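Student: I have a structure I would like to understand better, so I am pasting it below and will then ask my questions one at a time.
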Amino acid sequence: MLRMKPLLPVLKFNQLLAALVRMKEYSVAVSMFREFRVLCIPADTFTFNTVIKCCCHFNSTLDYAFSLLSGMIKRGLVPNVVTYNTLIKGLLSQDRPVEAEHLFKKLIKFNEIQPNVVTYTTIIDGLCKTSNTSMAVDLFRSMEKRGCKPDTITYNTIIDSLCKDRHVDHALGLMSEMNHKGISPDVITYNRLIQGLCHLDRWKDTARLLSEMGFMKISPDLHTYNILVDAYCKIGMTNDAKHVVETMIQKGVFPDVVTYNTLMDGFCLTGRMDRALEVLYTMRSNGIVPDCYSFTILINGYCKRQKVDKAIDLLKQMSAEGLKPEVETYNTIIHGLFQIGRHGEVWNILHEFLRNGDKLNIVTCRILLDGLCKNQHIDEAISFFGLMECNGQIHDIQLYSILIDGLCKNRKLDMARNIFNNLASRGLQPDVVTHNILIRGLCQEGLYEEAKELLSKMEVSSCLPNDATYNTIIRGSLVNKKYEDALVWIQNMRAHRFSADASTTSMVIDLLSAEERDPSVLAFRKWFSQ
């Protein structure tokens, strides 16, 4: 193109850039544009808009997109609504909503362009994705007042966010509004409403919407059926889910791997592993290749039924079929082995995982540490924790809580207390769970006064006690025969509107029914019976 004389018009170069964008070769398009500028190839608004779109796909080049905006203006080109829509969308995609909102308000204030439905919908979508649904609704109403008519996509965006916030009736009202204004709902509108209703177990309303779809001649798509299969499986109605799959096939909508995985998961949740395996065979016979998640679902199902050998066989089958297990797959098997006390085999699975070039994630570390502690391999747990500490892998309060709990239960309170006291020096703040663990450990070792002091510190700190904290200290005070303190703690717990759990209630009942002449016990009984 560059060798042709005379030079081709800018339209041809724009077509080349647009082709690169369609291929998602954004960095190549930006490099080519820079070459255009060196070679003084002319550029118009479309050229700049195309390159700005490319820059908005990367954090590192988003600022360059704004420098291109300045370059346009210096060249005498006028940015149009597409330019600003692209920049706003780019800011939102890079999690810079404040800047996006500022740019939008600037456009309106200075009348640089008239925002169109795409501009408003882009901002509304950004607000919805950052959980600002009420602001999105306000802007939605504002666009109408400014004479910009929302379209189906705008309504769908708001409806989706309202449904996710469990405001399904408001969302249903918006769909009625669409019909009243002559804006036709589409299958996406119905899908989002059906999903919202299913989450709230509103089956009659779901059935009504499905009937309405038929009346409106809007055919349910694959996503519609997948929503229904998922909803039925989550409440254990696997036969109904299977019926949905049969119906969709009759209607000419063929299940995909998501459909079958969801159905398999439903059968696994209800313990029907034979039926889950049947689904795997069915999907294969229908030409659907199982993915990594398909096997992970079955592996999880077998591990929950303590049939870990079958889970390990499936892991081997995955490798034989060329599927690389995800870290979640290994996590499931490791957890399953710990659950049945086969601690020695965990390291074999872990070594296989590491041989594949994978790295432990924080969930794996938690499972390993928790499994070692609960299986009384506390020395191994301490060694493993030390190894993670050396590798800089444990800046996580949950890991510390697991180890402190294990140490307390294995009568290594001094070490647990030392780790707890040094958390701040590691840049970590103990949460309510960590406090509860140490309070329980102190009470079990008869150090009730120290436990009491720790809870008192919680009450004046940013880490406030919860129901578990009060139940723990009440049981500790009863075990240590601090009955007057127990009364105070019970009153405090009730003042915070917390309730006694089963263990605390059982201890109190045993104390009330015991033949005890201790004056403090008698006082406790008298107060409790009032």
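Keep in mind that glycine also has a Cβ here, set from the backbone N, Cα and C atoms.
All TrEMBL annotations are machine predictions without curation.
Just lifted these from TrEMBL, have a look:
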REPEAT    44-79  repeat 'PPR'
REPEAT    80-115  repeat 'PPR'
REPEAT    116-150  repeat 'PPR'
REPEAT    151-185  repeat 'PPR'
REPEAT    186-220  repeat 'PPR'
REPEAT    221-255  repeat 'PPR'
REPEAT    256-290  repeat 'PPR'
REPEAT    291-325  repeat 'PPR'
REPEAT    326-360  repeat 'PPR'
REPEAT    361-395  repeat 'PPR'
REPEAT    396-430  repeat 'PPR'
REPEAT    431-465  repeat 'PPR'
Student: List, by number or range, the same-chain residues at least 6 past the repeat 'PPR' (151-185) whose CB is under 8 A from its CB atoms?
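Tutor: Here the qualifying positions are 117, 120-121, 124-125, 128, 131, 133, 136-137, 140, 143, 192-193, 195-197, 199-200, 202, 205, 216, 218.
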Student: If we skip the immediate neighbours and take only residues 6+ beyond the ends of the repeat 'PPR' (221-255), which ones have a Cβ under 8 Å from one of its Cβ atoms?
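Tutor: Apart from its flanks, the repeat 'PPR' (221-255) reaches 187, 190-191, 194-195, 198-199, 201, 206, 213, 262-263, 265-267, 269-270, 272, 275, 283, 286, 288.
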Student: Per DSSP, what is the helix/strand/coil residue tally across the repeat 'PPR' (80-115)?
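Tutor: Within the repeat 'PPR' (80-115) the tally stands at 27 helix, 0 strand, 9 coil.
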Student: How many helix, strand and coil residues does the repeat 'PPR' (44-79) contain under DSSP?
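Tutor: Result for the repeat 'PPR' (44-79), in helix, strand, coil order: 27 helix, 0 strand, 9 coil.
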Student: In the same chain, which residue numbers or ranges, 6 or more beyond the ends of the repeat 'PPR' (116-150), come under 8 angstroms Cβ to Cβ?
Tutor: 81, 84-85, 88-89, 92, 97, 100-101, 104, 107, 157-158, 160-162, 165, 167, 183
Student: Within the repeat 'PPR' (431-465), how many residues are helix, strand or coil going by DSSP?
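Tutor: Taking each residue of the repeat 'PPR' (431-465) in turn, the totals are 25 helix, 0 strand, 10 coil.
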Student: State the mean pLDDT for the repeat 'PPR' (291-325).
Tutor: 93
